[in-house]
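Asker: Dropping a structure here in structure tokens format, bear with me for questions.
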């Protein structure tokens, strides 16, 4: 299977447009020589141990949930451990792809998998995902004649590469022809300059920024109103089983006990304090929160369950492997890393 074909499948499963604006997602390393993808390795983090595993199995595509390349780099040298790994991937002709927050946001992704550990419920998104189309603007103005309208529209189309959309044209009164069009964010300045060259449009121009539409079910974090309420103690055991862990860290909400009821749970995989902050829920579940963020949650009456960062994400790889495997040929092996692990452990 060609690399571009695998990337198309990955885009279908979780569009990269769902990722946060600050994130670095997608194809991060592309080999110069084309070769068929026969082995795909899934990992939460790209570490030295995972790279050795990938090299041993002659991996063609390494999908690392966390991007090994995040901040801009000016050189590839051996003194930086992440740069070492990227160099090894290039030398091996291995592609690297990172989905990160697109997997968090997509419906059925990491956060839906995480909240599912406590059973079924009415699930909603905490931070709503928006459509991936670029921002656009509605320009409303008047022209005095059909001839001026045709001239202005041709100029606007030239500003926006011919893609400008004409919304409506009508004659409500004798003042002239009322026009409403949309243009992309990148074409706004040129479009306005074009309109200002004409007297009637320049005197009547109004500009409205159009918001991106919400995408139901997509976004960061999840809130579940459980179909079957649990005690805190039962929630702990369920999450240990779901995450495959022997230990979790717990902070009980103010005045609560292990036998207190959990009817609502808010989750955010990884480091979720910014998404969970202020959410009304009996229980917060995330990978990590700072000392003071935990104190804030406890004071508002929410218990907090922490698994360490990557432990709240890694289990999704097995679920994703199944989804990917059914969409690609049987000749392509999809493997979940055995070397990948959270760097922290209880001792």
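Backbone N, Cα and C atoms are what each Cβ position is placed from, and that goes for glycine too.
So TrEMBL has the following annotated:
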| type | residues | note |
| --- | --- | --- |
| BINDING | 66, 104, 309, 313 | divalent metal cation binding site |
Asker: Check each residue in the chain of residue 313 (divalent metal cation binding site) that is at least six apart in sequence and keep those whose C-beta is under 8 Å from its C-beta; list them in sequence order.
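Answerer: Spatial neighbours, sequence-distant, of residue 313 (divalent metal cation binding site): 44, 65, 110, 114, 269, 270, 287.
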Asker: Minimum Cβ neighbour count within 10 Å among the binding-site residues 66, 309: which residue?
Answerer: 66
Asker: Are there any residues at least 6 positions away along the chain from residue 104 (divalent metal cation binding site) with a Cβ closer than 8 Å to its Cβ? List them or say none.
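Answerer: Long-range Cβ contacts: 110, 111, 220, 268, 269, 270.
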